There are 2 protein chains.
Amino acid sequence: MKFSPLINELITSLKCLPGVGQKSAQRMAFQLLERNRNGAMQLSVALHNAMQHVQHCQQCRTFTEQNLCDICADGLRGESAQICVVESPQDVMAIEQTAEFKGRYFVLMGHLSPIDGIGPADIGLDLLAQQLSELQIEEVILATNPTVEGEATAHYIAQLCKQHNVNASRIAHGVPFGGELEYIDGNTLTHAFAGRKSL
Amino acid sequence: MKFSPLINELITSLKCLPGVGQKSAQRMAFQLLERNRNGAMQLSVALHNAMQHVQHCQQCRTFTEQNLCDICADGLRGESAQICVVESPQDVMAIEQTAEFKGRYFVLMGHLSPIDGIGPADIGLDLLAQQLSELQIEEVILATNPTVEGEATAHYIAQLCKQHNVNASRIAHGVPFGGELEYIDGNTLTHAFAGRKSL
């Protein structure tokens with residue numbers, strides 16, 4: 001005994017969402033059918049439109065439905081000599097919320113991971129190399145995640161910058177604000193000590 | 001600074017799913033865009049089809065795209081004199097998996113909850129009353145959830161059955177198989193003692 005074909009199809013399709021298994025998918029399907037058919041129809045349209053029209057920005061590789069994303073299309077920022085390299089569009093959002101950085105971004109959409117078959121070309125480093133050689137870039141700020149893969153990726157890009165005589169810098173690692181020292185892991189503390197500044 | 005309009009729309013729409021907030025919706029949107037556009041397109045179609053065509057079974061009120069669900073359309077079962085009353089289609093599925101019950105179902109799609117403005121008509125009790133008076137029903141098995149609302153709903157339906165001279169029974173409550181006595185709550189144990197059977 002199974003649910004009716006259309007309901008089964010809906011449940012199966014919902015499982016393509018990350019973190020959604022059989023039970024959650026069932027709950028979602030029945031919740032939508034019972035209480036929010038309009039929301040579900042909107043979701044259907046939004047999914048269709050996004051999948052059809054969203055592509056990569058031709059300059060920074062983030063997701064956008066235009067050829068250039070809003071930041072790259074912004075005259076001043078789009079031609080900035082400072083590039084901040086991040087792993088994902090969400091990272092761009094996090095940095096933008098600080099309103100601190102006025103340059104432009106380069107979004108890798110992942111990190112180097114030879115074990116998963118993800119090489120330099122898969123994270124757009126050929127495009128970055130092209131920009132480093134053709135455009136007037138003064139500094140590349142490496143803001144990849146402080147994980148093993150993120151560090152390796154940062155290191156690789158730093159080498160790439162060296163080849164093109166462009167300065168590369170890495171964002172500081174250390175104790176986060178609001179954290180309590182006793183709960184900070186050893187790795188972070190080591191970085192915090194190594195990166196200490198004289199007052 | 002925000003994501004591009006289509007991405008924003010997708011994230012907002014994903015939040016209509018139960019248990020999905022801003023961060024999960026972002027994660028889902030980017031995961032689909034990056035890795036599973038086909039899955040997302042299928043989900044879009046499945047949502048559209050299900051919302052357009054799935055309605056309530058005319059006899060038992062469960063969800064189906066036909067006029068009658070598979071069980072009600074099954075000659076023998078659909079005209080069974082035993083009706084099992086449950087709160088949701090998932091409950092039907094759980095009971096069907098035991099392959100024990102051979103009658104048909106009546107799905108309330110909720111429970112009585114005056115505080116939320118859900119009265120007898122909202123859970124289809126007018127349809128049930130009609131079936132009790134017009135059809136040859138011998139027994140109504142009340143399998144609503146063992147919660148306060150579920151119990152109240154069962155009680156209300158039992159009264160309804162009495163008015164139509166139909167036997168009503170409630171599924172047994174007690175210690176579940178595989179449970180350890182020391183971890184069972186007091187309410188369940190009280191029911192287990194009250195419902196004891198002589199061997």
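Cβ coordinates come from backbone N, Cα and C, glycine included.
No curator has checked TrEMBL annotations; they are predicted automatically.
Taking Cβ pairs closer than 8 Å, the zinc finger (B:57-72) reaches residues 78, 89, 92, 104-109, 124, 127, 131 in its own chain, all 6 or more past its ends. The zinc finger annotation in TrEMBL covers B:57-72.
Per TrEMBL, domain 'Toprim' is recorded for B:81-176.
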> By DSSP, how many residues in the zinc finger (B:57-72) are helix, how many strand, and how many coil?
Replying inline: 3 helix, 2 strand, 11 coil
